[in-house]
Amino acid sequence: MITKSEALDFLKSDSINSILKKLTKINAQTSSKHITFSKNAFIPVCNWCRNVCGYCTFRNENFKLLKMNEMNEILTKADTFGCREALFTFGENVDENEKVKEELKKMGYSGILEYLYEISAWCLDNTDLLPHTNCGILSYDELKYLREVNASMGLMLENSSARLCGTIAHEKSPGKDPKLRIEMIENAGKLKIPFTTGILIGIGETLEERIDSIFEIKRIHENYGHIQEVIVQNFRVKPGIPMENYKEPSPVEMFKMIILSKLILEDISIQVPPNLNRETGQLFLMAGIDDWGGVSPLTKDFVNPEAPWPDIDELNIFSKELGFNLKERLPVYEKYITKEWLDKKILEKIEK
């Protein structure tokens with residue numbers, strides 16, 4: 001087990017030998033030569049958000065709320081493409097926006113979660129896709145409600161440091177308070193919801209804060225056992241964002257954080273988004289990643305629209321060059337496909 005002090009020394013070191021030693025340890029501990037991915041459809045239910053993050057282009061004051069028939073059409077088409085994950089995403093607390101609320105009311109819904117529940121249920125009844133929801137902070141009761149129609153759910157921790165709430169990254173984003181995010185991730189554990197979380201590298205955090213964030217995820221998982229994967233995501237500059245002059249993390253920074261994440265989190269899958277790391281993603285296989293995350297043959301990444309998904313054939317070539325077999329997975333990892341972790345309806349659908 002690596003300590004926080006050892007982790008910090010590693011991040012500060014410029015020694016190639018220290019990297020090679022840890023890579024040797026990871027290789028010795030890793031028996032599988034598979035790297036997984038989920039073939040998905042990205043459904044941006046609504047692109048308004050109460051948070052105004054310094055690195056985000058998803059939020060739009062002139063929001064679009066997808067209509068039910070629009071989502072039905074995307075899901076039906078995704079089914080023909082062989083997609084098995086429906087990624088439902090919208091901004092946090094969109095009900096705070098009176099215009100969004102009014103649109104939902106006109107369609108006969110009391111709020112966005114009722115709307116989401118209905119489209120998720122439709123997805124389960126009419127396609128072979130399984131819903132995965134990522135929509136910001138949710139309460140215990142809201143998580144419990146959505147558990148009935150989700151195979152898994154997600155929320156990026158991003159960073160466990162409250163200091164970042166006073167920086168350009170999160171000063172206008174009340175939902176990025178790490179206490180709120182940790183509480184939700186823990187509530188998901190209490191409810192036995194298979195969960196995806198992660199850290200965001202390069203938004204002004206210190207090396208110590210990166211390490212603390214990974215150890216916080218480890219602490220939560222040790223208590224509840226529900227974190228199926230952790231995303232190590234790199235900040236990318238986008239034109240027009242408040243942080244457009246910030247420096248992106250270097251490949252070495254990412255390489256080291258992936259190594260540490262693998263060693264600290266042990267049995268949790270480590271994911272790096274391939275569309276944000278086209279030039280370096282292949283190298284990160286050597287650092288310990290074992291999942292490429294969601295990749296869509298149909299829809300773009302609406303959070304990072306400037307970064308197209310690689311073709312699945314391209315991912316296969318990337319993986320095989322380092323001896324890895326590309327393996328498709330569901331949005332819920334295999335070890336969580338039990339009655340303990342899934343609603344009866346979801347479990348029956350998977351087993352069928």
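Placed from the backbone N, Cα and C atoms, the Cβ positions cover glycine too.
Features as listed in Swiss-Prot:
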- C49, C53, C56: [4Fe-4S] cluster binding site (BINDING)
- 35-275: domain 'Radical SAM core' (DOMAIN)
Could you tell me the mean pLDDT over the domain 'Radical SAM core' (35-275), as a whole number? 97
Using an 8 Å cut-off from the Cβ centroid of C49, C53, C56, can you name the remaining same-chain residues around the [4Fe-4S] cluster site, in sequence order? N51, V52, Y55, F58, R59, G91, S173
According to DSSP, does C53 ([4Fe-4S] cluster binding site) fall in a helix, a strand, or coil? coil
Since the record lists C49, C53, C56 as binding-site residues, which of them has the fewest other Cβ atoms within 10 Å of its Cβ? C56
